[in-house]
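Undergrad: Sharing a structure below in structure tokens format, with a few things to ask.
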Amino acid sequence: MPLTHPMPNPIAFQIGPIFGIGPLSIHWYGLMYVLAFAMFIVLGRVRIKQPHIAAQGWTKEDLDDMLFYGMLGVIVGGRLGEVFFYQPDMLLAPWRIIRVWEGGMSYHGGFLGVLIGMALWARKRKRNLLDVYDFIAPLVPLGYAAGRMGNFINAELPGRVVSDPNLPWAMIYPNLHDNLPRHPSAIYQMLVDGILVFCIIWPFARKARPRLAVGALYVLLYGCARFFTEWFRTPDWEINVAGLPVTSGQMLSLPMIIGAIIMLAWAYRSNQPNSASQRT
């Protein structure tokens with residue numbers, strides 16, 4: 001017997017009205033982003049106490065400042081990525097682009113946005129950019145997992161129809177009006193792309209590694225995990241490659257996988273130490 005998505009109200013609670021303004025609706029999706037940013041700070045403060053990181057001169061002020069740039073990168077990049085990769089029809093109604101609280105954020109767009117945001121921060125602080133990427137990489141996966149939980153609460157990213165209707169966790173999404181049991185792909189991506197990746201990258205990053213090794217490993221792990229979990233997700237679009245359907249998410253993940261392998265090879269071949277404390 002398949003489960004049924006509970007379809008909770010996307011609004012977690014309301015505040016106000018205050019002085020005649022409001023009420024202000026607080027959405028679950030927005031709360032998941034707040035949780036993601038909070039975990040970035042908490043994990044970051046643990047990370048700056050690790051001996052090899054402390055030796056590089058990272059501070060709480062660095063962390064707080066990076067969060068601001070990272071938030072801008074995630075929100076702006078994620079939303080623009082959603083528009084250009086998945087929902088170009090939003091360009092016909094531009095006001096929809098700023099309605100982030102309704103959901104619809106591209107990870108790959110957010111990833112590019114964070115890369116740009118961190119590049120701006122590194123330039124401002126005169127840090128080596130590769131050291132910055134190594135520092136933040138382990139702080140990302142749990143935030144990603146929180147975002148996917150937000151997708152699940154909103155009944156977004158429904159999976160493909162299951163081949164075995166007796167699958168214990170198969171789920172019917174009432175908003176699709178088809179009564180078909182599907183994979184809860186948002187949960188899969190939360191567990192695999194987020195939590196599993198964190199469980200691998202965090203222990204790896206606890207020891208000193210060559211410059212870019214941590215950042216490259218995260219990109220490789222995420223790219224591989226996302227490529228796998230895409231098989232269970234209803235694709236936004238897909239193309240046929242050598243007789244196999246390849247989804248949009250897989251197409252966007254392939255460059256990440258290839259690039260990460262090249263970066264890892266470079267990292268261990270060059271074997272440069274992180275030197276953020278030198279402000280290079």
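Here the Cβ of each residue, glycine as well, is placed from N, Cα and C on the backbone.
Not measured: the values here are computed from a predicted model.
Taken from TrEMBL, the feature transmembrane segment applies to 26-46, 66-85, 105-122, 129-147, 186-205, 212-229, 249-268.
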Undergrad: In the same chain, who gets a Cβ under 8 Å from the transmembrane segment (26-46) while lying at least 6 residues past its ends?
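TA: That would be 8, 10-15, 60, 63-64, 66-67, 70-71, 74-75, 100-103, 136, 138-140, 142-144, 146-147, 149-151, 153-154.
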Undergrad: With a Cβ cut-off under 8 Å, give me the same-chain residues at least six positions beyond the ends of the transmembrane segment (212-229) that come close to it.
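TA: Tertiary neighbours of the transmembrane segment (212-229) are 107, 130, 133-134, 136-138, 140-141, 144, 185, 188-189, 192-193, 196-197, 200-201, 204-205, 249-250, 253-254, 256-257, 259-261, 263-264, 266-268, 272.
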Undergrad: Please tell me whether the transmembrane segment (105-122) and the transmembrane segment (186-205) touch - that is, whether there are at least 3 C-beta pairs under 8 Å between them, with each pair 6 or more apart in sequence.
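TA: No, the stretches stay apart by this measure.
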Undergrad: At a C-beta cut-off of under 8 Å, are there same-chain residues at least 6 beyond the transmembrane segment (66-85) that contact it? List them, or none.
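TA: Answer is 33, 37, 40-41, 44, 91, 97-98, 100, 104-118, 120-121, 132, 136, 236, 248, 252.
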